[in-house]
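Take a look at the structure set out below.
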Amino acid sequence: NYFPWLTIIVFLPISAGSLLFFLPHKGNKLIKWYTICICIFELLLTTYAFCYHFRLDDPLIQLAEDYKWINFFDFYWRLGIDGLSIGPILLTGFITTLVTLAAWPVTRDSRLFHFLMLAMYSGQIGSFSSRDLLLFFIMWEFELIPVYLLLSMWGGKKRLYSATKFILYTAGGSVFLLIGVLGLGLYGSNEPTLNFETLANQSYPVALEIIFYIGFLIALAVKSPIIPLHTWLPDTHGEAHYSTCMLLARILLKMGAYGLVRINMELLPHAHSIFSPWLIIVGTMQIIYAASTSLGQRNLKKRIAYSSVSHMGFIIIGIGSITDTGLNGAILQIISHGFIGAALFFLAGTSYDRMRLVYLDEMGGMAVSIPKIFTMFSILSMASLALPGMSGFVAELIVFFGIITSQKYFLKPKILITFVMAIGMILTPIYSLSMSRQMFYGYKLFNAPSSYFFYSGPRELFVSISIFLP
C-alpha cells in the first residue's frame, strides 16, 4: 500500500483551513460549520486509514513514507506510525473536533481563530507521526505560533503576560532540542543522519549520551511540564480561552511525554537507564507538590492546571520504571488524562460563560442554577481522582504495577515510592472535591438575568458526554 495516507492526514487541516480566509466576512456560522466539517472528515479519514491499513500485531513502523525533501541538505520527509503514536493521533483528532464545537461562542476574528486551531491540528499530527528528527523539531516548533496567537488575542486580562511567558519558556526549551537534534544527526559522520531507525541502532560514548539526554530532557520537560520548568502552564491556562485550554491540556502536554519515550528512551537507552531513578524521584515529587499547590489556588482554571501537572507525574514514573507494564500505564495515562483534562476545562469555561466568575471563593450554590453542568463536573472530578471504574484509575494502577514489578530497583525504594505516590492519590480527592464544593454547594445567591441564561444547551451536553464516554 503506497498511498500517502499520513501526508494527506498531516496536510489536510492546514490546507483546507487556509480556504477559511476566502469565506465571506459576515458568515460566522459558515466558518464554524466549515471548520467542524474539516475536523470530522479528517477524523474519519484517520480512523479509516488506521482501521484498514494498520496491523495491530505488527510491532514495526507502518504506513511509512520517505521522500527526499531538500536536496541541498539531504533532508527527508519521513512519516510512519506504530503502536505508540496511534493513540495520541486519534486523541488529537477526536478532541480537536469537539474543541471546534466548544469554541462556538467565539465571534471575534472567527476566521483567524479557526485557522489557528486547524494549523495546530496539522502540527500535532505531524510531530506524532514524524520519523525524522529534523522534521520532528520543525513540527514541534510549528505549534508555538498558533498557541501564542490564540493566547495573546483571545485570552483574559493578563493574556499578553502569559503568552510572553509561554513563548519564552517553550522557545528556550526548543534551543536545547535543536542542539540535541543537530548533535545526534552530525555525530560520527560527514553526512547528517536524522532517520529515527538509523539513530536507534547507533551507539555513543556514555558521557556524550548523557549530555544529549540532559539536553533533550530540558526541552521535553518544559513541554511536559516537569517541575521546576512548569510555571508557564498555570498562567497560560488561567488566561487562555477554554477551547485553547482544551487543546493545551490534551495535546501540548502529551507531546512532551511522547518525546520522552520516542527520543530519550528509544535513541538513548543507556543514559535512560542511568537517569530513570531520578525521573521516578522527580515524578513522585511532582505528584505531591502539584496536588498540594493546587489546593491553594483561588483561580478555578489554575487549580485544574495544577491537577494536570500532578497527573503528569504518573506518566514520568511509568516512563522511568523501564517495564512494559509501566510504559503501557504511562501511555494509557496520556490518553486518559487527555480526555479528563479537556472535559474539566470545557466545563469550567461553560460555567464561566454563565457566571462571569473565575475565583472559587466568589462562587457557590451553582448546582441549582446549572444542574447538568454540575452533574458532568462531579462525574469528571471523580474520574480525575481515579475512581475505580474510570480510565484514570486503570492508568494509575498499571503505573503502580509497572514500578512494583520493575527488576531495576530494590524492594525498599519501590515500597517508599509507592507509599509517596499513594499519598499523592489521597491529596487528589481533597483538591478536586473542595473545588466542587466551593463551586456548586452552599448558599450564595446570584442575580440571575433569566432562567434561560443558566440552562446548558444541547451543544455543551453533547461535547461533555462525548468526552465522558471514552
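The backbone N, Cα and C atoms fix where each Cβ goes, glycine too.
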Annotated transmembrane segment segment (source TrEMBL; candidates 35-55, 224-244): 35-55
Long-range Cβ neighbours of the transmembrane segment (329-352) (under 8 Å; 6 or more residues past either end): 84, 87-88, 91, 95, 98-99, 102, 237, 241-243, 245-246, 249-251, 253-254, 257-258, 261, 300-301, 304, 307-308, 311-312, 314-319, 358, 366, 370, 373, 376-377, 380-381, 383-384, 391-392, 394-402, 439, 456, 460, 463-464, 467-468, 470
Interface check, the transmembrane segment (273-292) with the transmembrane segment (415-434), three or more C-beta pairs under 8 A: yes
Positions whose Cβ lies under 8 angstroms from the transmembrane segment (166-188), at least six residues beyond its ends: 133-134, 136-137, 140-141, 144, 147-148, 151, 194, 199, 202, 204, 208, 211-212, 215-216, 218-223, 229, 231-232, 235-236, 263, 267
Other parts of the chain folded back onto the transmembrane segment (415-434), taken as Cβ under 8 Å at six or more residues beyond its ends: 280-281, 284, 287-288, 291-292, 294-295, 303, 306-307, 310, 313-314, 317, 381, 384-386, 396, 400, 403-404
Residues from the same chain, set at least six apart from the ends of the transmembrane segment (134-154), whose C-beta lies under 8 A from its own: 69, 75-79, 106, 108-109, 112-113, 116-117, 119-120, 122-124, 126-127, 160, 162-163, 166-167, 170-171, 174, 177-178, 181, 185, 194, 236, 239-241, 244, 247-248, 252, 255, 259, 262-263
Positions on the same chain near the transmembrane segment (304-323), where near means CB under 8 A and six or more residues out: 224-227, 230, 233-234, 236-238, 249, 253, 257, 260-261, 265, 272-273, 275-280, 282-287, 289-291, 293-294, 297, 329-331, 333-334, 337, 340-341, 344-345, 348, 384, 392, 395-396, 398-399, 402-403, 405-408, 417, 421, 424, 427-428, 431-432, 435
